[in-house]
Amino acid sequence: MMRFVPLFLACISLPAFQATEFTKCEVSHAIEDMDGYQGISLLEWTCVLFHTSGYDSQAIVKNNGSTEYGLFQISNRNWCKSSEFPESENICDISCDKFLDDELADDIVCAKKIVAIKGIDYWKAHKPMCSEKLEQWRCEKPGAPALVVPALNSETPVP
């Protein structure tokens, strides 16, 4: 019995699970500093992320020979590095696996690069689903719990 005590203590000290699917309000709060970046509203971003990943930070989608990762569905063809697509341009200079956690700061930095280079229509859901009638994407819960995002704002330079 005594040899199981350390294992038991280790298990209860770890979180039971890591959340990967978030609510509209959690995502909206976590990315609120993106509001207005390159003229894109928070409501547009909230809508795009719903239609892109379903607010799932661990979403992985195979698409035309490449793979898209995380909440923003960032492609390994151009933006991040993965072993399955070694010829990637890796414009964001990051491993694609970094987009599969709940730490969104690196996802946001890369998303800002994508928007600066390609525009919001890089995310195919934007034009048909997120360019008008956006009130449904408003979050009415003040103080919704934030995902792990260090202080960023729309003025944060994109490296």
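Cβ coordinates come from backbone N, Cα and C, glycine included.
Note that the coordinates shown come from a computational prediction; the quantities given were computed from them, not determined experimentally.
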Need the cross-check against Swiss-Prot: the disulphide partner of C96, picked from C80, C130, C139. C80
C130 - recorded disulfide partner, Swiss-Prot, among C47, C92, C110: C47
Of C25, C80, C92, the disulfide-bonded residues given in the record, which has the fewest other CB atoms within 10 A of its CB? C25
Taking the centroid of the Cβ atoms of K98, D101, D106, D107 (Ca(2+) site), which other same-chain residues have Cβ within 8 Å of it? G70, I94, F99, L100, E103, L104, A105, C110
Measuring Cα to Cα, how many angstrom lie between N64 (N-linked glycosylation site) and K98 (Ca(2+) binding site)? 22
Counting Cβ neighbours within 10 Å across all chains shown, tell me which of the disulfide-bonded residues C47, C110, C139 comes out on top. C110
